[in-house]
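Q: Starting off with a structure, shown below.
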Amino acid sequence: MCGIWALFGSDECLSVQCLSAMKIAHRGPDAFRFENVNGFTNCCFGFHRLAVVDQLYGMQPIRVKKFPYLWLCYNGEIYNFKQLQKQFGFDYQTLVDGEVILHLYNRGGIEQTASMLDGVFAFILLDTANRKVFLARDTYGVRPLFKVLTDDGFLGVCSEAKGLINLKHSTSLCSKVEPFLPGHYEVLDLKPSGKVASVELVKFHSCKDEPLHVACDTVEALPSAGFDIDTVKSNIRILFENAVRKRLMAHRRIGCLLSGGLDSSLVAAVLLKLMKEININYPLQTFAIGMENSPDLLAARKVAAHIGSEHHEVILNTEEGIQAIEEVIFSLETYDITTIRASIGMYLVSKYIRKKTDSVVIFSGEGSDELTQGYIYFHKAPSPEEAAEESERLLKELYLFDVLRADRTTAAHGLELRVPFLDHRFTSYYLSLPAELRIPKNGIEKYLLRLSFEDSNLLPKEILWRPKEAFSDGIASVKKSWFSILQDYIDQQVDDLLLEKAAEKYPFNPPKTKESYYYRQIFEKHYPGRSSWLPHYWMPRWVKATDPSARTLKHYKSATQE
């Protein structure tokens, strides 16, 4: 996890523009560098480093003697860089996994490069010999990337939007800062003036398609095909374990977020099992957050005891949670209601990890709800086919919601997130299964995933079959939910009259509740006029919902309710 930043064709003094790159310094607390491009005095790269692999030669932009005309700035982890080296005979000059991008590009161009990378990535690749700039981002947008391109060819690229919004340019203040689409690469021509012109934007991978890099995977072929239930369960276990195993690549200590729900518990259990197998000689640290005796804390405690992790509990102080709202919204760059609610706990637990422990590489369970139909409203799906379509829609929009939350809340504290449920191979297999197999069954969501691990003894049965908690209830105390505490506080902050006139003040995505209005005010304070970054609020489907929380759905019953 790092912060990348680059400018091409800047009219302003680069030393002034570089101040914008410091807005993402939190992403790389270990070192930073600015480097001008030879022959292009108005082009430069900025890089903030979190050293996770190759402590000696990991600084960027990456340049190697073999390709003196290539410059690479990337944020991510490429899990199959050793397999690609073996397959194509690449001669690496560093231990940096991202160096493979230079070799793949030299061998087969940008299309093959993006398609053959098994991992999470956002990168800027400059080829001065052919005068090209390439941008690319992984399938689910696990690593963030934003860009701004003016009509006269000034290009700014950054891991977070906050590193671009204050850039200066002669024709205008750079207005159209937008997220770079996941699963795409863009080709731009670099002119002698340092300005660029976009040539094409190409989608190189869809979540349903089996990735091209399967041939370079540690599990090349599944032992058996077909959709009989025992084969499916076995394949799910093999691919999930493989997804966790390949993510163990790190020279820094590994930890795991553990809410006590199914997803994080499965990740933690498989992670600990594999760490033992490869003789990692330190205990796995797991981290849970919640109010005193909240359902999440109690469940996480049970899981930690079962798997034998070194468990840390962070007690959520309501005052601290409320005080964190503004810094959380600033970090997130969104005003989406459910994203902000769920981010507060994750932001505070990440803050604890950074201050109190030496864990840096943090595993988490993001992506499972979207992939395995874990949201409670999936019980209301009109048909298995519609549920399958909704699952794909959610996966495509992850970069606006859960993946955004997971990246920004951890990156704000210099941690690197790893999300095995979003492994390309695992997700494409799961989505290839018949729609009927993937729906909730017997009133239980994620039925197939739970069933697949039932005989593994990885988790206690009551955790494996624990129903989903709305995050705000999972971290709640028995006396009063975090959701209620938040509502009571915001009710005092927003006048009824303000809410009545909300649509006039904010015509795009107008706030419908006081909570939504409160978040929007804070967002507009930091990012005025940027409301289009969120195309729509996250809301459940097939139900008449005015609030995104599961707790408002009829099917839902929290453990804190009697």
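Cβ atoms are placed via backbone N, Cα and C, with glycine included.
Positions annotated as active site, for GATase activity by TrEMBL: C2. For D97, the entry in TrEMBL reads L-glutamine binding site. Among the features that TrEMBL reports, ATP binding site is placed at L257, I289, S364, G365. Per TrEMBL, the feature domain 'Glutamine amidotransferase type-2' maps to 2-191. As annotated by TrEMBL, site 'Important for beta-aspartyl-AMP intermediate formation' applies to E366.
Show me how these features fit into the structure around them.
A: The number of other Cβ atoms within 10 Å of the Cβ belonging to C2 (active site, for GATase activity), over all protein chains shown, comes to 27.
A 10 Å cutoff on Cβ-Cβ distances gives D97 (L-glutamine binding site) a total of 25 other Cβ atoms nearby, all chains included.
Cβ-based neighbour count (10 Å, all protein chains) for I289 (ATP binding site) stands at 27.
Around E366 (site 'Important for beta-aspartyl-AMP intermediate formation'), a 10 Å sphere centred on its CB holds 27 further CB atoms from the protein chains shown.
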Q: Return the average pLDDT for the domain 'Glutamine amidotransferase type-2' (2-191) as a whole number.
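A: Mean pLDDT for the domain 'Glutamine amidotransferase type-2' (2-191): 90.
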Q: Measure from the CA atom of C2 (active site, for GATase activity) to the CA atom of G365 (ATP binding site) and give the result in Å, rounded to a whole number.
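A: That comes out at 21 Å between the alpha carbons.
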Q: For the recorded ATP site formed by L257, I289, S364, G365, which further same-chain residues have Cβ atoms within 8 Å of the site's Cβ center?
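A: Here the non-site neighbours turn out to be C256, L258, S259, S264, F287, M346, V349, I362.
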Q: Taking the Cα atoms as reference points, how far is I289 (ATP binding site) from E366 (site 'Important for beta-aspartyl-AMP intermediate formation') in Å?
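A: The Cα atom of I289 (ATP binding site) is 16 Å away from the Cα atom of E366 (site 'Important for beta-aspartyl-AMP intermediate formation').
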Q: Any idea what the Cα distance is from L257 (ATP binding site) over to D97 (L-glutamine binding site), rounded to a whole Å?
A: 25
Q: Compare all C-alpha positions of L257, I289, S364, G365, the record's ATP binders, and send over the largest distance in angstrom.
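A: It comes out at 15 Å between the most distant Cα atoms.
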Q: So among D97, S364, E366, all listed as recorded positions, which is physically nearest to C2 (active site, for GATase activity)? Use the C-alpha atoms.
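A: Sorting the recorded positions by distance from C2 (active site, for GATase activity), the top entry is D97.
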